[in-house]
Amino acid sequence: MAEAKNLGVVGSGQMGSGIAQLGAMHGLHVWLLDTDPTALYRANKSISSSLQRFVSKGQISQAACTEALRRLEYTSNIDELRSADFIVEAIVESEDVKKKLFIELDKITKSSAILASNTSSISITRLASATSRPCQVIGMHFMNPPPIMKLVEIVRGADTSDETFHATKALAERFHKTIICSQDYSGFIVNRILMPMINEAFFTLYTGVATKEDIDTAMKLGTNHPIGPLELADFIGLDVCLSIMKVLHAGLGDSKYDPCPLLVRYVDAGRVGRKCGIGVYDYRKGSEPMKASPRL
């Protein structure tokens, strides 16, 4: 399979915009697709700011920044992905929504295009079954934020071909990522381990064992984690954490993956983390440190 020249990214949130930025920084022509024009506007600003930070730190030149921005196109028209060689979806962590997207992409993209999912937990085999090209569907799970984090988790579905795997691996290497490979089990490697830890941190808060600050400090200073599990959950998004726990519970059938009631309540209350200004912690300007009861 020839080296990819044109990259399509679907979903312009934190993950999608970061993946699009990576592609543009490494010489690909990139279409970033989102049905929400406001989200595309935010992504444009976020990518421009991120690239300028790379310039200010001396990691890329101003000319390289300008060229990367020139290679990026923002669109709400899915037909513009017709000429993409490789497409990564980074939309909401819902199997039904992703399947609907894959059905649509399967219809409009060229027959040689690879369809990759940035899902962090959903079965690649089941996503691939929605298409007429399951051999060209693969999991390509970037870590957040994609331009900074060094890892990419590659997940082969039941029918993913060697050619598709090698093309995906080559693209990750082009992005200077370290690659790990997982079998197609719920949660793969990273979230199979990470999410139960975050869930247990919520149970520790929920049952009054310790304050949120002490839980996070314990893991940072006691186990050398760079960020505490509750802080990390806020950064990921509590809604995303809850979705992944539900996938783990449904896919693996073990009660140890039951989401903590406190996590469920926070999400029900709209407290989903940094992206909305409040989660376990309060990030709103001028707010006092949160002293809310751990039982909400």
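Heads up, the Cβ atoms here are built off N, Cα and C, so glycines get one too.
Per TrEMBL, the feature domain '3-hydroxyacyl-CoA dehydrogenase NAD binding' maps to 7-184.
Sequence-distant neighbours of Gly11 (NAD(+) binding site) (same chain, 6+ residues apart, CB-CB distance under 8 A): Leu33, Asp34, Glu89, Ala90, Ile91, Val92, Asn118. Marked as NAD(+) binding site by TrEMBL: Gly11, Ser12, Gly13, Gln14, Met15, Gly16, Asp34, Glu93, Lys98, Ser120, Asn144, Lys275.
Per TrEMBL, CoA binding site is recorded for Ser50, Lys57, Ser120. The number of other CB atoms found within 10 A of the CB of Ser120 (CoA binding site), across every protein chain shown, is 26.
For His141 (site 'Important for catalytic activity'), applying a Cβ distance below 8 Å and a minimum sequence separation of six or more within one chain yields Asn118, Thr119, Ser120, Val152, Glu153, Ile154, Val155, Phe188, Val190. What TrEMBL lists as site 'Important for catalytic activity' is His141.
The domain '3-hydroxyacyl-CoA dehydrogenase C-terminal' feature in TrEMBL is assigned to 187-283.
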All-chain count of other Cβ atoms within 10 Å of Asp34 (NAD(+) binding site): 23
Which of Lys57, Lys98, the listed binding-site residues, has fewest other Cβ atoms within 10 Å: Lys57
CoA binding residues Ser50, Lys57, Ser120: largest Cα-Cα distance, in Å and rounded to whole number: 30
